[in-house]
Amino acid sequence: MHAKSLTELRAALAAKECSAVELAQHYLKRIDAARDLNAFVHVEPELTLAQAKAADAELARGAGGPLTGLPIAHKDVFVTRGWRSTAGSKMLANYESPFDATVVARLQAAGMVTLGKTNMDEFAMGSSNENSAFGAVKNPWDTNAVPGGSSGGSSAAVAARLAPAATGTDTGGSIRQPASFAGVTGIKPTYGRVSRYGMIAFASSLDQGGPMAQSASDCALLLNAMAGFDERDSTSLERDDEDFARHLGQPWAPGNDAGKPLAGLRIGLPNEYFGDGLADDVRAAIDAALKQYEALGATLVPVSLPKTELSIPVYYVIAPAEASSNLSRFDGVRFGHRAAQYGDLLDMYKKSRAEGFGPEVKRRILVGTYVLSHGYYDAYYLQAQKIRRIIANDFQEAFKSCDVIMGPASPTVAWDLGAKGDDPVQMYLADIYTLSVSLAGLPGMSVPCGFGAGANAKRPVGLQIIGNYFNEARMLQVADAFQRATDWHKQVPQVPAGV
């Protein structure tokens, strides 16, 4: 049952091959058996089964929609009423929200059943899911490897089939990179497509929620429920609702030959994505995927994104600056961790934050406070915002000669647990191909396209697909065509064994 996609599980529910309760029980059993992966931090079986019973009642009445009764896991950055919402931090270890995030509320309104909350890097700051106050997550393909971050719990849960789908958030690649490392499909929509209300903030001008699942068609199904204007989020974009699955299975252009469904599609290949630093085994998997696209009728076009190398310093000025402001609210007074022993009020602030935040969060708060301080704002933050605009303009120039842009989601496959913990800069460099997309506010996704080589033969590779603003439906069409011709997205690791 767990090998089925959301679409297949929906058909099974409709055919009464199983009930929503049976489905939930099946996944809860798998979650319990795979506790060593540490993908989940909060599971409440009674709440899950109550939601499943309600979904069965809806289905019995002939009501419900395409997602009714289907299970999903939520990244623990989305506040969820009745569940602890921790953002992977000791600061919020016992926090229970009085309301649901818009993403959670919309998926529950669509009838989905919450399986639990997934582990994550603290306050979404990290690329390996080793920065969590609740311990590191293991990659189900190779438990000596990281699952990526910051949505590593979600990527591991979907890869190990502990959940058929999960929510994630992407600030600088935190959906796409873990999707690549864990061999699942994940999409970061255009900034503003999905409401940030109830999503614990890291960097407000970059954070964006999105789905992670087995396939592009599953992601389209989820995005239909997740996306849409929300007046409670000032960054939410007011646009007409659309069906993100409307192009799936359709030719790129009317009249295309069945064997060449993507004839007319122009795929841009940035020179900067295929230079030094790209691992040979990742390059080989990406090249094979691009050959598959050529076989489907697409044309490969060279393009340039000349400011790609500046995306790392720009991101690590802007994101920490916004984080230092957003995280100032966690002071031990209103909610969150409070030190047990302290002197005056200022001492309470200091001790509560020192005890509540982990090393990476403290590092970024210090960097952010520095670049916003008097005398440095113009030199760092303002300059970074100017270069951010240039990066966005580079993409628009590239899209004049192509329909989508492709390349690796990460320069390497997943690295070993602990391999980069002593050098945060090396961790930051791993996001070189995803950061510029986030800075520009563009939609991007990662699609499984192979595995590494040699000692990395069990570690997946992800192909990144980048679209222009609001072009998610076409991106999903392009990804879906690849997945109809290949089976990388159907590969399942043997964890947990025997369940």
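Using the three backbone atoms N, Cα and C, a Cβ is placed for every residue, glycine included.
Note that the coordinates shown come from a computational prediction; the quantities given were computed from them, not determined experimentally.
Here is what Swiss-Prot says about this protein:
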{"type": "ACT_SITE", "residues": "LYS75", "note": "active site, charge relay system"}
{"type": "ACT_SITE", "residues": "SER150", "note": "active site, charge relay system"}
{"type": "ACT_SITE", "residues": "SER174", "note": "active site, acyl-ester intermediate"}
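Counting only residues at least six positions away in the same chain, the Cβ atoms of VAL77, GLY88, MET120, ASP121, ALA124, MET125, GLY126, SER127, ASN129, ASN131, THR169, THR171, SER174, PRO178 sit under 8 Å from the Cβ of SER150 (active site, charge relay system). The Cβ neighbour count for SER174 (active site, acyl-ester intermediate), using a 10 Å radius and every protein chain shown, is 37.
A strand conformation is recorded for LYS75 (active site, charge relay system) in the three-state DSSP classification. Taking Cβ-Cβ distances under 8 Å and a sequence separation of 6 or more, the neighbours of LYS75 (active site, charge relay system) in its chain are LYS117, THR118, MET120, SER151, GLY153, SER154, ALA166, THR167, GLY168, THR169.
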